[in-house]
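> This structure is in structure tokens; I'll ask about it shortly.
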């Protein structure tokens, strides 16, 4: 069951119980709201005596709470300045993550907590719960920490700068804009019409790079560094039907793949066309 104690102001008392409390916590007791947490195995007389000693520190309010009743008590948010936890022998209580999360909820901003804990996970649990400025003393099985300087669950609007947008004035017309003459960007070499031979590509690779068994003359052209005009030969029809189109041509016809032409018209074929792939 929860025990609520409020004592009148009195003169400061010095004893071994208060001597174990850090000076930073003692400096916050005056006019502050203090929460004392105790657990199983602690003597109620020790808890009562310690509360009387705290009242001499001119605390505005002292609340004594058992660990098992803290979450059930449903305290309002941000009401405690100092929390003294598990400071009584035999220090058997454990500060679970759920318990620390509840403590940080009911503490004020920049609040201070001091406690006793034998667990090695206390530092990690304090960080996960939201505490900062954590100090752990393994030799004394004690720890202290502070709550951040903002309320739990608070939010703040982020002020993002508006993006810069470039725009032209509506009063600015095209006649007032000085443009660069695009012809000035070209030199004499750019105006020359390239020769057709320099634009040839390999029929196999599709690039201006000769294949391994080049027969179109591109390999010789690249080696010489000069365009090589392909040699052409005249072809004569043996069947007399080549001019009609592919439907009337045989499989080895040199005109295969070419459009129909008039009878007697001279057709020039390249050497590659005259050497069909077998």
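Even glycines carry a Cβ here, placed using N, Cα and C.
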> Quick one: sort out which of 234-237, 246-249, 250-253 is the motif 'Cx2C motif 2' according to TrEMBL.
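From TrEMBL, the annotated motif 'Cx2C motif 2' range turns out to be 250-253.
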> Within a 10 Å radius of its Cβ, which of these binding-site residues (202, 250) has the fewest neighbouring Cβ atoms?
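Comparing Cβ neighbours within 10 Å for the binding-site residues 202, 250, 250 has the fewest.
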> Among the binding-site residues listed here, 211, 214, 242, whose Cβ has the fewest other Cβ atoms inside 10 Å?
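Among the binding-site residues 211, 214, 242, the sparsest Cβ neighbourhood within 10 Å belongs to 211.
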> Suppose we draw a 10 Å sphere around the Cβ of residue 253 ([4Fe-4S] cluster binding site). How many other Cβ atoms does it contain, all chains included?
18
> Could you tell me the mean pLDDT the prediction assigns to the domain 'Anamorsin C-terminal' (228-269)?
68
> Could you round the CA separation between residue 211 ([2Fe-2S] cluster binding site) and residue 253 ([4Fe-4S] cluster binding site) to a whole angstrom and send it over?
25
